[in-house]
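Below is one structure, written out as structure tokens, with a few remarks after it.
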């Protein structure tokens, strides 16, 4: 206390902290000790022998949910605890369900593999290159077959360039038949004024290109009887509009018509010699 002359002021000073304090404890005032914390039980992994697994799989094939009596009987047989048998069946059922879920995926993958193999085989048969193969590999099976079929359908198969005529008696019938099949009847059409188109065709002859030029009507008859080129020859025989001029038929592409140079077309003149019109 502080005293003055007239009054006394009480002291504000506090006494020291001198009473004992117990240490912090966790369990009823006992000091903290790590050994007093309850330890979590560790799971023990069980290793099964091959014989034990065979017995368990046999029972699982019979039933997935064995009763307690079956589990105890198997536990005595394989010398394990009944709780271990129960845990094994629980894990085995989970594995079985997972396998059942994966079955549709595997079946789909197998079907896709079969489809891809079939598609590759059809691509090879169609003449298309295999997937993943070299880009330069281009089989020509399909194109060759299509070209052959198209040629047969259109009748454009190539014919031999030279067919030697056979004059023997044994081959007369066959040669006449082939000539009759390849020969066409002459078709005369009138195209325009004074223009006659004569289309003639006959059998194929090896000497058609090198045929000699006939000079008389008898030689023309003999030549016409012989087979000529298979392609149709168009002859444009223009009559002499002005007979007094006289057209030179020997300059035509077909020399067999040279006879007409001696016998011009007997046409009627358009005017008389004195210059008067008709």
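Count begins at 1; order follows the chain as displayed.
A Cβ is built for glycine as well, from the same backbone N, Cα and C atoms used for every other residue.
According to Swiss-Prot, the DNA-binding region annotation covers 41-100, on the basis of sequence analysis.
The compositional bias 'Basic and acidic residues' feature in Swiss-Prot is assigned to 98-118.
For 168-180 (among others), the entry in Swiss-Prot reads compositional bias 'Low complexity'.
Here Swiss-Prot flags 205-228 (among others) as compositional bias 'Low complexity'.
As annotated by Swiss-Prot, region 'Disordered' applies to 98-182 (among others).
Annotation comment: Swiss-Prot describes 200-228 (among others) as region 'Disordered'.
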With the cut-off at Cβ under 8 Å and a gap of six or more residues from its ends, the chain residues touching the compositional bias 'Basic and acidic residues' (98-118) are none
Averaged over the DNA-binding region (41-100), the pLDDT of the predicted model comes to 92
DSSP assigns the residues of the DNA-binding region (41-100) as 43 helix, 0 strand, 17 coil
